[in-house]
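These features come from TrEMBL:
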DOMAIN    10-331  domain 'Adenosine deaminase'
BINDING   His17, Asp19, Gly172  substrate binding site
ACT_SITE  Glu202  active site, proton donor
SITE      His222  site 'Important for catalytic activity'
Amino acid sequence: MHREIVKQLPKIELHCHLDGSIRPETLVKIASKQGIQFPTNTQELHDLLVAPPDCQNLNDYLKRFDVVLTCLQTEDALQEASLDIISQAAEENIRYIEVRFAPSLHMQKGLSLPKIVTSVLKGLRQGTEKYGVQSNALLCGMRNEELQDIEKIVHLAKDFETQGVGGFDLAGNEIDFPPYTFEETLDLVQQLDLPLTLHAGECGCGKNVADAVTLGAKRIGHGIAVKDTPEYFSLLKENNVLLEMCPTSNFQTKTITSIADYPFKAFLAAGIKVCINTDNRTVSETTLTDEYMKLHEWYKITYADMEQLNHHAIEGAFISDSEKQRLHEQLSSSYQQKKG
């Protein structure tokens, strides 16, 4: 596989965090408008925003988000950040992307939850109009917050469902707040018929993945820890669950420590559907093209494998059947030309 061809082929991304994926130069511009000073030295800026290869754990990795969030507390900042994500997606021919964020993290300067969501959706729509990349937002509840506050985010997602919000997610500390902590909240998600993806198995507990599926998740963010509990593989397969894998991020957060230990091949061999994602483009200093090139380097995946992974992503996307059909056809046509 050649990098430029991989970059040009159409791709789908389902797991991309807004606050971890803004270009450094865009973030500097956003900060400057608010009188927030960032380092002018390129290396210092890089060190501030990008997680080092020797992160100790997930919490060490997540420290990079604190400085970013201070800049994302205005309508203009959220709109500009969202547009930036779509611009990046367009550069590597991502045809559809789901951008997730936690509205509650953007209230430090008094923005209301609806204003926050409206601002992000406005930026995403601008990106679609300018670059032709289709998108939806996913709203995240943070596990460490009060249940009633998380349920506000669930209702918020439902309120904006016809305006560009595709579904709901739970993010944050899954060790102290495993899935069944939120059983009532996830029942509400089911009652409202909201598409559900859950971060689970990013830290070492495969049971969290199984519990997330039992509680209604159709997709799992990461899911890596389930590799150690193969007794749950059949549950994932029978429920047609899609695992949103993020290779670079999983190594940085020490979810995985060796290529041999990464379960990409094991999941596929078990008939579990997976798709490939960046997680946090800036914090992990990666692109979707980079992720596919890594899989080619590690596992010798082919263009045919890449096509299949993207078809998996389309099948799991929180969009209508007609939109899925259109994307499937676009994808098949482009990859057929590559084969031809």
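Placed from the backbone N, Cα and C atoms, the Cβ positions cover glycine too.
Automatic prediction, not curation, is the source of TrEMBL annotations.
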Listed in sequence order, the recorded positions within 10 angstroms (C-alpha to C-alpha) of His222 (site 'Important for catalytic activity') out of His17, Asp19, Gly172, Glu202 are Glu202
Of the recorded positions listed (His17, His222), the greatest number of other CB atoms within 10 A surrounds the CB of His17
Across every protein chain in view, the count of C-beta atoms other than its own within 10 A of the C-beta of the residue listed as 'active site, proton donor' is 24
When the binding-site residues Asp19, Gly172 are compared by other Cβ atoms within 10 Å, fewest goes to Gly172
According to DSSP, Gly172 (substrate binding site) sits in coil
The mean pLDDT across the domain 'Adenosine deaminase' (10-331) is 95
Near substrate: residues not in His17, Asp19, Gly172 with Cβ within 8 Å of the site Cβ centroid are Leu18, Gly20, Leu62, Phe65, Arg100, Phe101, Ala102, Leu105, Cys140, Ala171, Asn280
What DSSP gives for Asp19 (substrate binding site), in three states, is coil
Reduced DSSP state (H/G/I helix, E/B strand, rest coil) at the residue listed as 'active site, proton donor' is coil
Per DSSP (helix/strand/coil reduction), His222 (site 'Important for catalytic activity') sits in strand
